[in-house]
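In what follows, a structure is listed as structure tokens, so that the remarks can point back to it.
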Amino acid sequence: MACIRRKMKTIVFLHVLSTVVWCAPPRCDPEDDFLGRFCKEPVPEKPKCMDIMMSYCDDMSYTHTMFPNILGHRTREEAELGPEYLLLSVADTLLNGQCMPDVRLLGCSVLVPRCEKEKMLKPCRSTCEAVRRSCQHAFEGIDMAWPYFLDCDRFFVSDQEGCYDPLEDLRVTQEEAQASLDFVPQDHHTVIQFSYHSNSQMNSLLKKTAARCPDISTTYSIGRSVEGKDLLVIEFSNNPGVHELLEPEIKYIGNMHGNEVLGRQLLIYLAQYLCSEYQLGNHRIQTLINTTRIHILPSMNPDGYELAAAEVQGANDHENEEASYYNSWTLGRGNAQNIDLNRNFPDLTNIAYSRRRHSRFRSDHIPIPDSYWFGKVAPETYAVMKWLRSIPFVLSANFHGGELVVSYPFDLSKHPQGQKMFSPTPDEQVFKQIARTYANAHATMSGNNSESCGNFGGQGGIVNGAQWYSIAGGMQDFNYLHTNCFEVTVELGCDKFPAEEELYTGWQDNKEALLTFMESVHRGIKGVVTDVDGNGIKGARISIKGVRHDITTAENGDYWRLITAGTHILTASAPGYTKAMKKVRLPARMQKAGRVDFVLQKAVDKPDLEEDFNIPSMGTYERFDPYNHYERYVSEQNQNREERLEKPWWWSYFSRAHGSSPTWLLRTD
Ligand SMILES: [Zn+2]
């Protein structure tokens, strides 16, 4: 600090006196080291071994160190004031105890290297590499780069060069602990820890799970929350990252309301379960993953969760029952802008209602009105909308808490003044079937169990959304009216933030329902629409006679249509082609989707205008956010956002660091 002040004075004096005042070189920065500057300063002759005496490094397996250390800090004070030591002192908090003490001890071995007989010993590269392999995900989980001073190639050496293992003592302790547990038989079942997970723990656990099952799993982010947290999805499929022809895609979304948390936890457990059971040879899980592409977003609102979890924790700490109850029902519901995400989607239901008397109107692929983009669009909502449009989802469930019921579209009442008014979609029978699939497979939802909390057991644990209470801008209505996806809202229980002890019961109650629901995506019919040369036709419409809701084909002409058993008349149509019609009888209790393909002939004549008008143009639909309103909104309304994105939440820990700020902790990828 003194040096910086002196430097500033120097600049002032330079103008007046034109003299150069030499400021003592700062300690070795990574960049300086890279440039070969400052690091090769002459040092006092013959450095000697001395006591470590640094509190966060006092449990090393040795007691003596030497300065300058491996990073070029010339004294203990210099090392103590650097951002490297600061990181080691807060890493336990930042990483939520993950990878501790391994990361800290590894850092100490560079900062206060072992000294023996007046000689410095360097730590082993193999140790560093092992820690990095198992701990990199923890840093990724909080969006932090792997610290430069733990670069295994740069600061660590090999056995041949006479290295020592800084984690040796730790390993001995762990082996002793393991040995005392050795009587426990090796259990080949999925081990899940039924506890709550912070955002960073969740993300790192998802990445770890995908790393454990790399052949069937991967993670990807669909965007970031207001506070810059990744909205992380874990995907399961026998070909992760790729849409396969005719393979249906399903999604699960949890924690849309940040204070409704059971769904979030269930989805974290589900991911671990799918990975382990697949590897253990569970036939049911293998079949599911080999035939389905599953996308799981455990938290759509990580910012809200953080707020809710902090409040519940605070209330529990004070043993204030009333506060706990009150808080868990209110704080953190919205995102960090206090937007309720389940009211923030474009209200297409109103548009559908206003046009429903038009004879040619179909309630599907309704474009987003331009006016929507002038309102407040939450980044979480935007991320999910883009996601919905990028993958041909067939079926979805969105998990909430506060009741015990599955609610299905429409969520908006068909009459503006109509409270509790039954407001069905053209696919009422299909939605009822989908909702029952979950409710019936749930342990208590559909029964008249007096112990269950809900009001809907008497009606099978399902309800039409608007009949329960009407909302506009909800996600399930948007799914149905804008995409091919059929989504329902699952209310998992009356307690929005249950006690940790209840998480295991929650999993037991829902496990079968979660699996059965995913399997049910293989109902109805599916097929491919091609031209006479066998090329798939993208965007062709599949209509069912009597149902004013079409499904469109995906990139390679494949489609999925959830329908109930019975006889249906199907039509496939696409601009520039003649229509094709098929009569299909779908038996009850079909285990697999019936396959119905269509081959469309090129229309020879000039297209019949009347005919073409019946096929609404997809042109308007394709223009998602046509004028980049959202992008503009983000940059204009929230200049801070970019700054915040550059500087993650943990940055404040380093704002008072002496010397240079540790920009090396910011990820550049
Ligand atoms: Zn909710």
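For all residues, glycine too, the Cβ spot is worked out from N, Cα and C.
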TODO: Looking at the disulfide bonds in TrEMBL, identify which of CYS108, CYS115, CYS152 pairs up with CYS128.
DONE: CYS152
TODO: Find, for the listed disulfide-bonded residues CYS128, CYS152, the residue with the lowest Cβ contact count at a 10 Å cut-off, counting only other Cβ atoms.
DONE: CYS152
Task: Long-range Cβ environment of GLU491 (active site, proton donor/acceptor), under 8 Å and at least 6 residues apart - done: HIS400, GLY401, GLY402, GLU403, LEU404, VAL405, VAL406, SER407, GLY454
Open item on the list: Using DSSP, what is the helix/strand/coil residue split across the domain 'FZ' (44-166)?
Closed with: 58 helix, 15 strand, 50 coil
